[in-house]
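According to TrEMBL:
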type: ACT_SITE; residues: S149; note: active site, charge relay system
type: ACT_SITE; residues: D226; note: active site, charge relay system
type: ACT_SITE; residues: H261; note: active site, charge relay system
Amino acid sequence: MALKQVSSNKCFEGFQKVFEHDSVELKCKMKFGIYLPPKAETGKCPVLYWLSGLTCTEQNFITKAGFHQAAAEHGLIVVAPDTSPRGCNIEGEDESWDFGTGAGFYVDATEDPWKTNYRMYSYIKDELPKLINANFPTDPERMSIFGHSMGGHGALILALKNPGKYKSVSAFAPICNPIQCQWGKKALGGYLGSDVSKWEAYDATQLVKSYPNSHLDILIDQGKDDQFLSAGQLLPDNFIAACTEQKIPVVFRLQQAGYDHSYFFIATFINDHIKHHAKYLNA
């Protein structure tokens, strides 16, 4: 599958690149950012996948998060894909910020007119890793995932639905229980239809209840002054309770007053997350 390089910038002795390709799953052109640490010039490196939130592209994380120095030090390739298909000419795809373009929610849609293109779950789980492993010096056996908000939801469900696939998982302010919040009800209802039992397959709080073993350490950071926390969109308490019941280890850090939902919050604690993943990826 042909990759077209869009940009390349040297950063902490490695390179932050952006590529474009034709996606088989999504049936459109897609972009992803990839940071290649200096270690990638001489050997294979583990891969850490970042999933961004609503309205984001591949650019938000690579320009705002400040992860490059830690990724370079720990020898991690970091991949940041886009958040949805683009330019599919689906009626209504650009009508709202929390559904359609920029809001793929990391599910495989089953409803018309979304089901042909909106297959972000399969894109992240299968197509993108195959593409990355075929074109870059990766160790396919060492892979982890993290994300923010809608992307935190994506990271959690991918880890929980695929035991053993990812060495570790973490999230910033994830949408933890989408079947119970307005963002989730809108997105899951639109992509998956009205049968709520189908939504549960993409809800971390539901998935953790049937997770087969406890070999997954989860790290979550949440800002105390996150406007979406107070609006009931994130619902971390429901997820923590389900993890506790299943005896699945989760470190939940409610960061002090002033920290919100922004990339300033992410940049503050990103090094902790890189270290969390490096511990498992470089073990």
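Cβ atoms here come from the backbone N, Cα and C positions, even for glycine.
TrEMBL annotations: computationally assigned, not manually curated.
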* Structure fact -> active-site residues considered: S149, D226; fewest surrounding Cβ atoms within 10 Å belongs to D226
* Quick one: pull the CA-CA distance for D226 (active site, charge relay system) versus S149 (active site, charge relay system), whole Å only. => 11
* Hey, what's the Cβ neighbour count for H261 (active site, charge relay system) at 10 Å? -> 21
* In whole Å, how far is H261 (active site, charge relay system) from S149 (active site, charge relay system) when you measure between their Cα atoms? -> 8
